[in-house]
Amino acid sequence: MKSSVPSLLFVSLVMSLNSYTQQVLYCPPDPAPENITEFVCNSPSLHEFPTGFPVRTKIISVEFTQVSSLGVEALQGLPNLQELHLSNNRLKTLPSGLFRNLPELHTLDLSTNLLEDLPPEIFTSTTSLTLLSISENRLAKLRLSWFETLKELRILSLDNNQLKEVPISCFDKLEKLTFLDLSSNHLHRLSPDMFSGLDNLERLSLENNPIRCIAPKSFHGRPKLSIISLKNCSLTNIITGVFQPLNHXVLLDLSDNELTMLDPPVAIPSANLSLDLTGNPWACNCRMDNLLTWVKEHKIDLYSKQEIVCAFPKSFKGEEATSLHRSQICPC
């Protein structure tokens, strides 16, 4: 099974941001030793959010518990808190002022909970955030107000929710964002407004969405975008030139869609572009020949060539497309 490159990148980025050197103590003892600044509370039987964290606390991990709510004062008196990990709990909602007075907070993980919505002003005070994960929840919509003050954010993970659309200009203020994960939602189309403001975006994961339409200029204005995953997105057709601005792309994953034909994605690709076309029902005709000629001329790295097989015409069904001679698929 092929690994999801964007997902692996997200894991590596999280790990790099969370390389701890301080001693870890499990849950806050009373009193806590002077040299302890990180606390891990991950008992499966824990139902209430712990209290008594010392003012010097920098990292709190309350994960894999039965905690379903936090009081609005739960994090007050912790001005040095830098990382808060609340994944794999039973959280259904969060109070509006929960994250106030946390000027040093740069990492917030709310993944794998039961969140269906969040208060409009929930992140207003978290202006130092560089990583925010709300993946694997039940969000059906995004609020513009969530992202208005997150100008330092680099990594945003919204995968595995129930999002059907991204509001116009939703990410406008995220000028420093480099990685955006919207995979495994219910998005049906991409439009230019969806990614407006993301001038520094480098990695974009959209896999496992029922995307059938990519509007022209959807990727315009993203000069640094280098990795795009559109794997398993129900794509049947891609408009010529939609990827044209991506001259710096190093990975374009179009695997496991319903594509039968594809024009060369970019006229002048980057020197190290990799392209995944596996798992599509390709029509092996002159248009496919043009694509393969482009691949050969620009020395594009094709993933798993043996899995790029013809579905049409019947005479070539099951044949490896790259093994066919030009005279066979385009005799004219």
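Cβ coordinates come from backbone N, Cα and C, glycine included.
The domain 'LRRCT' annotation in Swiss-Prot covers 280-331, and the record cites sequence analysis as its basis.
According to Swiss-Prot, the feature N-linked glycosylation site maps to Asn35 (among others). Its Cβ taken as reference, Asn35 (N-linked glycosylation site) is surrounded by 9 other Cβ atoms within 10 Å in the chains shown.
For Asn232 (among others), the entry in Swiss-Prot reads N-linked glycosylation site, with the evidence type sequence analysis. Within 10 Å of the C-beta of Asn232 (N-linked glycosylation site) we count 21 further C-beta atoms, all protein chains included.
The N-linked glycosylation site annotation in Swiss-Prot covers Asn272 (among others). In sequence order, Val250, Asp301 are the residues of the chain that are 6 or more apart from Asn272 (N-linked glycosylation site) and have a CB within less than 8 Å of its CB.
Sequence annotations record features per position, and here Swiss-Prot assigns repeat 'LRR 1' to 78-101 based on sequence analysis. The repeat 'LRR 1' (78-101): residue composition by secondary structure is 0 helix, 3 strand, 21 coil, according to DSSP.
Among the features that Swiss-Prot reports, repeat 'LRR 2' is placed at 103-125. Summarised as a single figure, the pLDDT of the repeat 'LRR 2' (103-125) averages 98.
Counting residues per DSSP class in helix, strand and coil order gives 4 helix, 3 strand, 16 coil for the repeat 'LRR 3' (127-149). Per Swiss-Prot, repeat 'LRR 3' is recorded for 127-149, and the stated evidence type is sequence analysis.
Taken from Swiss-Prot, the feature repeat 'LRR 4' applies to 150-173. Under DSSP, the residues of the repeat 'LRR 4' (150-173) split into helix, strand and coil as follows: 0 helix, 3 strand, 21 coil.
With a cut-off of 8 Å between Cβ atoms, the residues of this chain six or more beyond the repeat 'LRR 5' (175-197) that come close are 4, 6-7, 9-10, 13, 135, 151-166, 168-169, 203-222, 224, 229. Per Swiss-Prot, the feature repeat 'LRR 5' maps to 175-197.
Under DSSP, the residues of the repeat 'LRR 6' (198-221) split into helix, strand and coil as follows: 0 helix, 5 strand, 19 coil. Under the heading repeat 'LRR 6', Swiss-Prot lists 198-221, citing sequence analysis as support.
Per Swiss-Prot, the feature repeat 'LRR 7' maps to 223-245. A Cβ distance under 8 Å defines the sequence-distant neighbours of the repeat 'LRR 7' (223-245), meaning residues of its chain 6+ beyond its ends; these are 4-6, 9, 178, 183, 199-212, 214-217, 251-263, 265-267, 270, 276.
Positions annotated as repeat 'LRR 8' by Swiss-Prot: 247-269.
Look at Swiss-Prot and you will find 1-23 tagged as signal peptide, backed by experimental evidence.
Remote same-chain partners of the repeat 'LRR 3' (127-149), defined as residues 6 or more beyond its termini with a Cβ less than 8 Å from a stretch Cβ, comprise 13-14, 17, 87, 103-118, 120-121, 155-167, 169-174, 181. A straight line from the CA of Asn35 (N-linked glycosylation site) to the CA of Asn232 (N-linked glycosylation site) spans 49 Å.
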